[in-house]
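Novice: Okay, handing you the structure first.
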């Protein structure tokens, strides 16, 4: 049963005034009943008559010609069938009903109630939905506010780090500049001392040359004297002819020479020191110290992993694990995750060895043999060091003994994929253990092996 609500400000297509008792012709124009050329009867033109639309003058046989448009008072709704005000609502058909509709046979068995009563559950549902939407909106706004605060904190941290970097490099530049000035000042002072000692040396030589010149002149004159005169002063003349040993002065004192040599050695090492500093700085800034965890899909049945996948220990009783092409069988091995196919990476492992136990730490190629007979060598894609109480060696081919005074309590691994370099070191003392030169063709993974009861490896950092 169609309904048409009230139309605020509706205008008649004919008189252009406010619609009164509106009807709509088949052509689509809506106008007041009083504007019809023929008087309406019961809200419709008789079917035997021809309607002439007062607007478009279109003649059309209609049956019925007019459709009442029940606008009613502003804000009210009327039944199109009976023209009565709507008071009821049918829950079953979701229709608005007037008094006549309510008493009709179509809704006798239906749940029909007053509009105010029928609308309340819908209002309640709408209010519930509205409250839920408001709550959701508030939660989103709160979340946005929290994330904005986090963002502001991160931005503030970045700004602080920028200032820290600027200040650090400024201090470094100042320190380098100061060392440059000190070094140049020392060189200038040595240069001054060299000139001073040179002048002193030249002065002594000049004095000796002058003295010798005087003696030469005197002796030349004596040689020209008659024999009687020369023999009169024979003893004096003999003493003058005696050669005096000339002690040559030092052009530069030994102390000054030592200072020059010491400074020379220090200057010679400057380029290497600066190169090493630059490389270490680049390595530090470009090396990824991301989190490495143990991959349970690769773990040998002889190994037990911690829940956080940071620690592995050896067990005599093999576990019943699902078979996997990734799992190592035979050697008590587990790989780390993720694997690497580029870049620089580093991680550290804490070592704890049981009696007679040992461990292996390094990297391994993706295509390494995991089933059957397995070997530990660089030729088979394993670049690692084997540490035990009896012997320590690197997995070169043949193996390289490592003269370690003690087993490192923490081993650091530094991987440079592009350079083909795997360096292992004592993470506590920074002393190198061994460095491999390799050529990687695929992904490489952190490699760990541990054996004997009481032996354990734990990833740190």
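Each Cβ is built from the backbone N, Cα and C atoms, and glycine gets one as well.
Quick caveat, the model's predicted, so the values are computed rather than measured.
As annotated in Swiss-Prot:
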ZN_FING   12-57  zinc finger
ZN_FING   74-115  zinc finger
BINDING   79, 82, 101, 107  Zn(2+) binding site
COILED    123-230  coiled coil
DOMAIN    272-461  domain 'B30.2/SPRY'
Novice: Run through the zinc finger (74-115) and tell me, per DSSP, how many residues are helix, strand and coil.
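Specialist: Breakdown, helix to coil: 9 helix, 13 strand, 20 coil.
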Novice: For residue 82 (Zn(2+) binding site), list the number of other Cβ atoms lying within 10 Å of its Cβ atom.
Specialist: 15
Novice: Mind giving me a neighbour count for residue 101 (Zn(2+) binding site)? Other Cβ atoms within 10 Å of its Cβ, every protein chain shown.
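Specialist: I count 21 other Cβ atoms within 10 Å of it.
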Novice: Which number gives the other C-beta atoms within 10 angstroms of the C-beta of residue 79 (Zn(2+) binding site), all protein chains shown included?
Specialist: 22
Novice: Could you tally the C-beta atoms, other than its own, that fall within 10 angstroms of the C-beta of residue 107 (Zn(2+) binding site)?
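Specialist: There are 19 of them.
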Novice: What is the average pLDDT across the domain 'B30.2/SPRY' (272-461)?
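Specialist: So the average pLDDT across the domain 'B30.2/SPRY' (272-461) works out to 86.
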